[in-house]
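Features of the protein shown, as given by TrEMBL:
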- A:84-104: transmembrane segment (TRANSMEM)
- A:116-134: transmembrane segment (TRANSMEM)
- A:146-164: transmembrane segment (TRANSMEM)
- A:170-193: transmembrane segment (TRANSMEM)
- A:214-232: transmembrane segment (TRANSMEM)
- A:337-359: transmembrane segment (TRANSMEM)
- A:371-390: transmembrane segment (TRANSMEM)
- A:410-430: transmembrane segment (TRANSMEM)
Amino acid sequence: MTEIGRHADVARYLDRICAPIKARSMHEEIRLEMLSHLEALAEERFERGGCTEEEAIQDALLQMGDPDQVGRQLHAAHRPKPEWSVIALAGCLLLLGLVTMFSLDLALGGRLSVPHKMLAAVIGIGAMCGLYFADYRKLARYSWSLYAGMLLLLAYTLSHGLMVNGAKQWIGAGAFVVNAYAAAPYVLLMAVAGMLHRERPIRAGNRIETLGRLMRGAAAYVALPTCFFAVAPAFGPLLVYLIGLAALLVLNGRWKMLLSGIGAIAVLLLYVQQRYNRDLWLSIWERQKAFFHRGNAGDYHTIRSLDAIHSGGWWGQGFGRSLGTLPDIMGEFTYSYLVYSLGWVFGVAAALIALVFVVRLVRMGMRLPAGYAKSLVICLAAVMGVQYVWNLLMCVGLLPSIGGMQLPILNWNANTIVELGALGFILGAYRRKDMLNGRSRRAVPQ
Amino acid sequence: MKINKELMKGSTVILMMKQLEHRDMYGYEMAKRIEQQSDGLFAFKEGTLYPILHMLEVERLVEAYWGEENGRKRKYYKLTDAGRRTLVEKEREWSLFSTTVSRLIGEGRA
């Protein structure tokens, strides 16, 4: 039979099937599949004899059924799937952020720049909505530029940035002061996810190529970013970055790089321990005890934080109650202040919301098929998860206090824009999971 | 005798999954085989297969890949491990349902 794809009725039929399907990238594949079925039907009819080609085609179209109905049902299969649980939990965290901000403003006697924080949150929500509807796959192409741009920004921060407490992590951008080093794990990991995704598979047994890639990867993904974080110094973001990177390497099956990386870090840690702190295990044990038996063990920050949390009581000391003894009340120890002012019940509820948020994020990622979207969701969930968990455990004294471990989304500052943007991005990636043409991930026929 | 559409609805998914139990197939092949095996009783508008196949793919009960046969491009479907487990469950559910319905109808007749 001649090409029936060119037949006007067939083309119109396929158009009608595709019309209700909003996921445009599916159209081509659906047309091909339907056409292949129509061809088979028409051919079968024609070979049975007793009809012209034209009649065979009309028969086939009839046999396929109502195109509008098929189109509507196909649309239902491929429609966008918003992850409402994560969106709702993010909303809760934003509300908590609002409460936190006003409480802190009262506690600090109005010294907080509320309009700036509000503006950051509003821009962040805007970025989140914008990136939610953007096509995340376009980012993959610009991964190297994103990576290079972020490293340049980090370098610029080192030379021209603002020094706070001996660390150069901040740069002024208009009305805002952005912590470039706290933003770096988000941006760099998004870039690395794309770089890993775009690497071509290596032919089996090509050792030189394999080794070359291992070295290049170790330099680009591990060594170079680590140097920047260490020079700043920004150990909190470094830890966050490395854990996110480990998640990415696992997802992409880069066990060699992961194991050699862990080996290198273990050797480094052993060296540091031998050199500076022989009683590491003892101090970890002391730390675990300190939460219930407050003594003088632990560092200044931890003692202050524990004092604040213990004196909070079930229902807290009151909204906006000032607390002069707690350091970093606007950053690392915001949570301790919240518990102090609003109580243990509130503290447990806030911690639960944050933890459920992280769990839902990870589960959202695990539901995606292996690929770029999954890498993005899981590594950014890891970035946020590590910060939440570490911050909460650090406030109750179970982990050492590290600068830069703050509560994402809840603690409003200029970096909230990056956090909300990243969240919008991965929610958008999940939303599109059934809207994409699957040919890129499809295996060859058996 | 023709089978009522509403009656067919509940069983199309299991019939299609069952086709994929032993080998991968494309949509046309599945429609033909169901028709043949049921002696022409289960003939339906074939376009309606695809929404079901795509839904199964989205739920990752089947996987799809493109292949070629006699110079024609075909989209093949393959049952995943999760799909196999679901099929076993559905078969059990179906046999319970159908034996119960037959029993009740039988009782009515007696």
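Quick reminder: no glycine exception, Cβ is built from N, Cα and C everywhere.
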Counting only residues 6+ away from its ends, which parts of the chain sit with a Cβ under 8 Å from the transmembrane segment (A:371-390)?
136-137, 140, 185-186, 189-190, 192-194, 196-197, 236, 239-241, 243-245, 247-248, 251-252, 354-355, 357-358, 361-362, 364-365, 399, 402, 405-409, 419, 422-423, 425-426, 429-430, 432-433, 441
Positions on the same chain near the transmembrane segment (A:146-164), where near means CB under 8 A and six or more residues out:
139, 170-172, 177, 180-181, 184, 187-188, 190-192, 194-195, 220, 224-225, 228, 231-232
Would you confirm whether the transmembrane segment (A:410-430) and the transmembrane segment (A:214-232) meet the contact rule of 3 or more C-beta pairs below 8 angstroms, pairs 6 or more apart in sequence?
no
Under 8 angstroms, Cβ to Cβ: which one of A:84-104, A:116-134, A:170-193, A:214-232 has the largest number of such pairs with the transmembrane segment (A:337-359)?
A:84-104
